[in-house]
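Visitor: Could you have a look at this structure, given as structure tokens, before my questions?
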Amino acid sequence: MSDFFRGRRLRRNAPMRELVREHDISARHLVMPYFVVETDDAGFRKPITSMPGIFQLSLAELEKDVAEAVALGMRSVILFGIPAAKDYKGSEAYNHDGIVQKAIRRLKERFPDLLVITDVCLCEYTSHGHCGLLRQGDTTGEVHNDPTLTLLAKAAVSHAEAGADIVAPSDMMDGRVLAIREALDANGFSHIPVMSYAVKYASAFYGPFREAAESTPQHGDRKTYQMDPANSREAMREAAADVAEGADFLIVKPAGPYMDIIRMVRDSFDLPVAAYQVSGEYSMIKAAAINDWIDGDKVAMESLTGLRRAGADIIISYLTVEMLRKKLVSA
Ligand code: PBG
């Protein structure tokens, strides 16, 4: 009889390994982000240079891509809008006929079973690119918290009115989950959940997204509202506050470099936890794969599986459709 552990016994062949596999991913866990552009050109489809395989799309092109993805088994999307015009108070974010509101209506009409999540933020809609209100003429980039809450709440209600299934505030203002919850309830949307970007770091991994969403701050940065990457206890305070304010889901963002935080949030709270594998994480995998430095498909699947192992119930990832198309995740 051997006196050492023979871990290899359970790895002898593929069916054995599958029998003992602890975590996997299927279509139901994944959410695909889309960028929809307000334009008269119905055929508009612009590649995002820093995110190979991802595009800015007109409404009509969005509908085409979503049709293909739904046929492959995609269940959920998160929408980001790029308006034709921006102003200092982000008016298009809460315009009843804004681009995201139109996209929601169009997708829900054509694909009633598709779960439509919307990103609730001002940064794609403000001329200065910040996630909240600045005083007019401001050059310091000091975002005013409480006046911003009213606008975020209006945006969330306009998304719910258009038919969104879930609203996801990503601005990191204090008190926004409560403001949005109250506004939804007051407008007859007590059944619409809030998926809060509870723990969102001031991350350089968002770089490619800002090209995609045309939302780079014109001056300053987001460090007065997004979290310091060096902090983990603070993540617990942020998540606890959002739970107390009525959040139904918690998002940790970015994902890969913050797996410890995903695990902590998973262990400390009973809400479903989503990990957002952000643009820079996607771009790094793609860049190395295009150079043949890594096996892109295998690294992609490993990155997603790692997030499930860390405790993510849900993964928001730009890899979603590609993984479905290649049948690497089951529909
Ligand atoms: C909007 C928002 C951002 C992302 C999601 N929602 C950008 C930011 O905060 O600068 C980033 C997503 C990504 O990088 O994929 N506030």
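Cβ atoms are placed via backbone N, Cα and C, with glycine included.
All annotation found in TrEMBL is predicted automatically rather than curated by experts.
TrEMBL lists these features:
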type	residues	note
ACT_SITE	LYS200	active site, schiff-base intermediate with substrate
ACT_SITE	LYS253	active site, schiff-base intermediate with substrate
BINDING	CYS121, CYS123, CYS131	Zn(2+) binding site
BINDING	ARG210, ARG222	5-aminolevulinate 1 binding site
BINDING	GLU238	Mg(2+) binding site
BINDING	SER279, TYR318	5-aminolevulinate 2 binding site
Visitor: Where LYS200 (active site, schiff-base intermediate with substrate) and TYR318 (5-aminolevulinate 2 binding site) are concerned, what is their Cα separation in Å, rounded?
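Guide: That separation, Cα to Cα, works out to 18 Å.
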Visitor: Within 8 Å of the centroid of the Cβ atoms of CYS121, CYS123, CYS131, which other residues of that chain place their own Cβ, given that this set defines the recorded Zn(2+) site?
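Guide: Here the nearby residues are GLY90, LEU122, GLU124, THR126, HIS130, GLY132, SER170, ASP171, SER215.
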Visitor: For ARG222 (5-aminolevulinate 1 binding site), which of the recorded positions CYS121, CYS123, LYS253, SER279, TYR318 has the nearest Cα in space?
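Guide: Spatially nearest to ARG222 (5-aminolevulinate 1 binding site) by Cα position is CYS123.
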Visitor: Where does TYR318 (5-aminolevulinate 2 binding site) sit in DSSP terms: helix, strand, or coil?
Guide: coil
Visitor: List the recorded positions among CYS121, GLU238, LYS253, SER279 whose C-alpha is within 10 Å of the C-alpha of ARG210 (5-aminolevulinate 1 binding site), in sequence order, or say none.
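Guide: Final answer, ordered: SER279.
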Visitor: Please name which of the recorded positions listed here, CYS121, LYS253, TYR318, is nearest in space to GLU238 (Mg(2+) binding site), Cα against Cα.
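Guide: The answer is LYS253.
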Visitor: What are the non-local neighbours of SER279 (5-aminolevulinate 2 binding site), defined as same-chain residues 6+ apart in sequence with CB under 8 A from its CB?
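Guide: Those within reach of SER279 (5-aminolevulinate 2 binding site), by Cβ under 8 Å and sequence separation of 6 or more, are SER50, MET51, PHE205, TYR206, GLY207, PRO208, PHE209, ALA212, TYR318.
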Visitor: So which of the recorded positions CYS121, CYS131, LYS253, SER279 sit close to ligand 1, that is, with a CB under 6 Å from an atom of it?
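Guide: CYS121, CYS131, SER279, by Cβ distance under 6 Å.
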Visitor: Write down the Cα-Cα distance for CYS131 (Zn(2+) binding site) and LYS253 (active site, schiff-base intermediate with substrate), rounded and given in Å.
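Guide: The Cα atom of LYS253 (active site, schiff-base intermediate with substrate) is 16 Å away from the Cα atom of CYS131 (Zn(2+) binding site).
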Visitor: Taking 10 A as the limit, how many CB atoms besides its own sit near the CB of ARG210 (5-aminolevulinate 1 binding site)?
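Guide: 16, counting other Cβ atoms within 10 Å of ARG210 (5-aminolevulinate 1 binding site).
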Visitor: Please list residues from the chain of CYS121 (Zn(2+) binding site) whose Cβ is under 8 angstroms from its Cβ, counting only those at least six apart in sequence.
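Guide: When sequence neighbours closer than 6 are ignored, CYS121 (Zn(2+) binding site) has ALA93, CYS131, LEU152, ALA155, PRO169, SER170, ASP171 within Cβ distance under 8 Å.
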Visitor: At 10 angstroms around each C-beta, which of the recorded positions LYS200, ARG222, LYS253 has the fewest other C-beta atoms nearby?
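Guide: Output over recorded positions LYS200, ARG222, LYS253: least Cβ neighbours within 10 Å is ARG222.
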